[in-house]
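Data first, discussion second: the structure below is written as structure tokens.
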Amino acid sequence: MQHVGSKRFFLWGVIILFLLVFVILVNQFVISLSIVNGTSMRPTLQNGDRLLVNKWELLFGRPHKGDVITFEDPKEKGRFLVKRVVGIPGDTIEIRGGKLYRNGKLAKEPYIDVSIEDGDFGPTKVVSGTVFVMGDNRHRYASRDSRYQSIGLVPYGLISGKVEIILWRPSLSTFL
């Protein structure tokens, strides 16, 4: 009898260990959850939003213009930021008169609700292996992004994933 119990205990241990390894691998390479901390992506994302981040897609591909990505802060290891890709390798980015220009043409940005208030920037060329990111909140000093030396062009190696969906928005939670 004792022998059957120890086999069952061992089997459950193996199953739990397998599930734990599986969850860790999925979180590391496939999908992860992230929480927005701050207002740099308003109005698209709100402080406290819970996001589903697709890591798999960027393991084999590159971000595209308009993608919302998460990446490790170049100056603060272990801290992750969420921003929108507005420039990819080969693009020239410039801000003039509160507007974003990509390759000399006014960029269409239906996701923002105000002009850029931080002043003119650039032009700057996005080099190979990097992207130019900006927060959707274009109020003065609202987003620390590629316009600032502390972030600059974001290397592919720092990008952790592409935001796919908002799983939960605390501001929409209510009791009936």
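Each residue, glycine too, has its Cβ placed from N, Cα and C.
The transmembrane segment feature in TrEMBL is assigned to 9-31. For 12-168, the entry in TrEMBL reads domain 'Peptidase S26'. Residues or ranges marked as active site by TrEMBL: S40, K83.
Neighbour density for S40 (active site): within 10 A of its CB lie 23 other CB atoms from the protein chains shown.
Residues near K83 (active site) in space but far in sequence (CB under 8 A, at least 6 apart, same chain), listed by position: S40, M41, V68, I69, F71, V133, M134, G135, S143, D145, S146, V154. Looking just at the domain 'Peptidase S26' (12-168), the mean pLDDT is 93. Secondary structure at K83 (active site), as computed by DSSP, is strand.
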